[in-house]
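Okay, structure first, notes after.
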Amino acid sequence: MPILLHPSKVPIFLTKPKLNILSLTFHSKPISTSPVPSHQHIAHLILDQKSPSQAIQTFKWASKLPHFTHTQSTYRALVHKLCVFRCFDIAREVLDQMPSSIGENPDEDVFVTLVRGFGRARMIRDVIRVVDLVCKFGKSPSLKILNSILDVLVKEDIDIARQFYRKKMVGSDVVGDDYTFGIMMKGLCLTNRIGDGFKLLQMIKNRGVIPNAVIYNTLIHALCRNGKVGRARSLMSEMREPSEVTFNILISAYCGEDNLVQALVMLEKCFKLGLVPDVITLTKVVEILCNKGRALEAVEVVETVERKGGIVDVVAYNTLIKGFSDSGKVKVGHRFLKEMERKGCLPNADTYNILISGFCESGMLDSASDMFNEMKLLGIHWNFITYDTLIRGFCSRGRMKDGLQILELTEESKGGSGGHISPYNSVIYGLYKENCADEALEFLNNMARLFPRAVDKSLKIIGLCKDGDVEDAHGLYEQMKKEGGVPSAVVHVHLIHGFCKIGRAREAFSLINEMVGHGYLPIASTFNVLILELCKQGRTESASKFLEDMIERGCLPDSGSYGPVVDGFCRKGDLQKALMLFLQMVERSITPDLFIWNALVVCISQKNAWVGNRNLLASFS
């Protein structure tokens, strides 16, 4: 054995202190009386080495142990290690040494190890030549070896794999087994040769073989991946016994198509067959039900899965809790936090972040704060989302002091804001909502040390708007967005005012929509300028619809919001619409100002005069 007997120093791990890792029971006895280490121990020791030379030295060292003889398993470990380091010539020499060393030819597992080593190195020709290498030892390659070669070829090139199957397998009267056909089906489906997949399926049937669930599932998955879910479902009907995987594939596909009805039909069929979907599929069903406002049905699905012994993990519960929180039922979501704890499913930071967000959206800021404190008590680490959600919640609802305290905690935390500007923009938004424009600009200036580029662009946009150069300001705004920046509320406000001043209502309207899209609801003074501009242009109906839209989005109007629209309808003589808006103001406890009263009085007077004149004309007729 020229390679293994090459003289070299014993590696460090074989010095006296390390020798005892082979057996903890004989470290004080002479080696001749020590128990012989198992082949499994030696194989693991070879696999643990960090270089091919160390692996060889370990193998050689073990061969010198009294009463120890290498076997197929230790040779296989050495071959694997040599293949990892791409010492393929040495690996072949090791195989050649086996008959004289242990009196046996390499078994099929050793050859499979070599095949996989060539496969990892993408040495496809050498993979195929393993067939000849097996024959060299006077054997015909077993089906296991041929399947391992086929598996490597399929991952590399399906055409080469098919050629190998026809010439080396079918040509040698090797029919193949379920694993063979499964490998071929996988290769065809991975390359989207679905038609050939169906031909293969038919060929299997023609040979009198019943295709197993893996073969069917592979083809069903390929059909679903290509949007042919209906065809996939028809194919499932051919199966004798669909597996859980079959249902996971189809249910997930229907969820991906947002086809809740069919997803639930398949889920019910799955349950009736005594099968349970995996937790990933379950989570998809829960998510789509919650998105459709059917969170209670999602609860029933979760309970059914639990009752049937299926797994419901923290992600599934978080999805359910989010469904209730998003629908304004955050207290119900909170009850499921306690429920999952009771069942031994521990909540994580995401669970608490979802609830904190839900409480903030519902205006229950004290409850959100309680969740924040509870995380610390339970040892669940706050993360950026936790801080960001609370800062936004507090600042957007007027609790600026609390928001700034959380921001301070964020900056003191290990990761800080992580380069994210959103918590700081939330503070600016809070100051804007409190009509503290000067303080918002001062805070923006102070952010320059952390976000110099964003602050510089923001201040330039504001400056250009003040100078009346709105076009250039908007160009800079678009550039800021392309670079991934999120302009703050004050930037949006200055641009909206700037476009309204030059009569560009459409651009101002678009900016308000973008502002709302970022979660910044404009205050009355911002959307009032657009209402006024629309009314100046005689577009009273548009102004009225815009006002209604702002109210539906949660913005709070004032008398300045209604005044121009009431006046616009009065000028058009549409007293009915003007009075409807007036009554809406009263219902919202908004006191009409002198401008509105005057517009209504003039309109009513004109109506009365018109009616009087009409009656006068009628008396002369």
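For all residues, glycine too, the Cβ spot is worked out from N, Cα and C.
Marked as repeat 'PPR' by TrEMBL: 177-211 (among others). Averaged over the repeat 'PPR' (177-211), the predicted model reaches a pLDDT of 91.
Here TrEMBL flags 212-246 (among others) as repeat 'PPR'.
The repeat 'PPR' annotation in TrEMBL covers 313-347 (among others).
Residues of the repeat 'PPR' (348-382) grouped by DSSP class, helix first, strand second and coil last, total 27 helix, 0 strand, 8 coil. According to TrEMBL, the feature repeat 'PPR' maps to 348-382 (among others).
According to TrEMBL, the feature repeat 'PPR' maps to 383-413 (among others). Proximity of distant same-chain residues to the repeat 'PPR' (383-413), defined by a Cβ-Cβ separation under 8 Å and at least 6 residues beyond the stretch ends, is recorded for 349, 352-353, 356-357, 359-361, 363, 365, 368-369, 372, 375, 420, 422-424, 426-427, 429-431, 433-434, 519, 521.
The repeat 'PPR' annotation in TrEMBL covers 453-487 (among others). Non-local neighbours of the repeat 'PPR' (453-487) in the same chain are 421-422, 425, 441, 444-445, 447, 494-495, 497-499, 501-502, 504, 507, 518; each lies 6+ residues outside the stretch with a CB under 8 Å from one of its CB atoms.
Positions annotated as repeat 'PPR' by TrEMBL: 488-522 (among others). Away from its own ends, the repeat 'PPR' (488-522) comes close to residues 392, 396, 424-425, 428-429, 432-433, 437, 440-441, 444, 458, 461-462, 465-466, 468, 470, 473-474, 477, 529-530, 532-534, 536-537, 539, 546, 550, 553-555 of its chain (Cβ-Cβ under 8 Å, at least six residues beyond either end).
TrEMBL lists 523-557 (among others) with the feature repeat 'PPR'. Only residues 6 or more beyond the boundaries of the repeat 'PPR' (523-557), in the same chain, are considered here, and those with a CB under 8 A from a CB of the stretch are 432-433, 435, 493, 496-497, 500, 503, 505, 508-509, 512, 516, 564-565, 567-569, 572, 577, 581, 588, 590.
The repeat 'PPR' annotation in TrEMBL covers 558-592 (among others).
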